[in-house]
Amino acid sequence: MAGGITDTGELYSPYVGLVYMFNLIVGTGALTMPKAFATAGWLVSLVLLMFLGFMSYMTTTFVVEAMAAANAQLRWKRMEKRKEDDEDEDSSSGVSDSDVLLQDGYERAETRPILSVQRRGSANIFEITERVEMGQMASMFFNKVGVNLFYFCIIIYLYGDLAIYAAAVPVSLMQVTCSVTGNHSCSVGDSTKYNDTDKCWGPIRRIDAYRLYLAAFTLLLGPFTFFNVQKTKYLQIMTSLMRWIAFILMIILALIRISRGQAEGHPSMAELSGIRNLFGVCVYSFMCQHSLPSLITPISKKKHVNKLVLLDYILILAFYSLLSFTAIYCFRNDTLMDMYTLNFTNCEIVSLAFIRYFLGLFPVFTISTNFPIIAVTLRNNWKTLFHREGGTYPWLVDRIVFPAITLIPPVLVAFCTHDLESLVGITGAYAGNGIQYLIPAFLAYCSRKDTQLVFGSGTVNKHLSPFRHSFWIVFVLIWGFSCFIFVTANIVLSESKL
């Protein structure tokens, strides 16, 4: 849930953290990137991918800095409370049991009367030892309007996430099963272009099959929205392993086809009409800011965390480029599928049936495990947004209303459209833009302001972003708001031409 403070959990090394971050960022968005690359042209795509990767890295360092500032403020408030309790002669207990449980190794030194030294900027006070989620940071550094806007942005993003997931699974099932039956066996990835009204099984059209799969998906996974579910360690390992096998297989198969002279792709250098969707896909594919607290906090040694994150972004940039370039040169632009895995369900591309089915159904396995997690996260954010201090929700509202408003809208969106490239593009271009650019920039600005106010102007945050000059915050904000205007204008102009 985006809000609230939890303990750190089991610590892991910086290199394990690097792997976890890589797995977090490289997800569903990567499967829609080859089509976006082909639509926008390889040169424009590469330049935009590199620039947006740089912007995402910058805002990631902003979030890390805000996490350190939030930890410092929480630690200082407890120190102030303990000082007041010590001075209160009527208090016999001093510090409550809950305060004692929240203390960590760094705070043991704070029992000594060196508050003035700590407030001048001791390095320990900015250690990231407690997991402070983005919702909690928003409530610490933003005013009431800012907090509500934060929750509005993350809720819209999660709705987009669920709509993408709800569409991706039925699309994959429809493409695989409709190609296996009838006269077009193994022909998902060939030059044949299918319409939604084409037959799938007997009188059943492809769009009917898609909606049947969507209904089954909703009935099977929707009920988890009404309960609490938690992603287990073993489930995470299994989905990560499947993801890596699928991505490596696609890259190898494309390279083999290119090396044999069977490449069909002739991508253009630039197609400005495809930039809107490419922008959204790239933003979505670099999204990690909302999960950084649970990812960075357990890292045992955070001295070089910004360099570690930079290495991760370089590796991810190289991986995205390799996946996309092998795709656009291996397949013709008009045959690239929204879900890239479906290009490998053609018998002429992959002769081994097991690999065809594994890649074709890969999104079904991985996305199905993530859907309940995202749904519960969205439901909890709705609860947090409307929660009032000391109040509780009636059973009907808590168990029925909130899960219903979580589940129904994305399913309706998926029922109306299964255009994954547009869904990913719009989600990334709007809500993703806010989460990846605007919110981290405002967090960095407000946390710096509050840190100077509380600890003094000479205080230095040990996790201060390398982009510490205020110019970078202004640049990110201008870029973020400009993107809103550009994407909206592009959509309006595109619609007016139809």
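Yeah, the Cβs are placed from backbone N, Cα and C, and that goes for glycine too.
According to TrEMBL, the protein has these features:
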- 20-67: domain 'Amino acid transporter transmembrane' (DOMAIN)
- 135-479: domain 'Amino acid transporter transmembrane' (DOMAIN)
- 12-33: transmembrane segment (TRANSMEM)
- 39-72: transmembrane segment (TRANSMEM)
- 141-160: transmembrane segment (TRANSMEM)
- 210-229: transmembrane segment (TRANSMEM)
- 241-258: transmembrane segment (TRANSMEM)
- 308-329: transmembrane segment (TRANSMEM)
- 349-378: transmembrane segment (TRANSMEM)
- 471-493: transmembrane segment (TRANSMEM)
Stretch in 12-33, 141-160, 210-229, 308-329, 471-493 most in contact with the transmembrane segment (39-72), if contact is a CB pair under 8 A: 308-329
Cβ-based contact of the transmembrane segment (308-329) with the transmembrane segment (12-33), 3 or more pairs under 8 Å: yes
Long-range environment of the transmembrane segment (471-493) - Cβ separation under 8 angstroms, sequence gap at least 6: 55, 58-59, 62, 275-276, 279-280, 429-430, 433-434, 437-438, 440-442, 444-445, 465
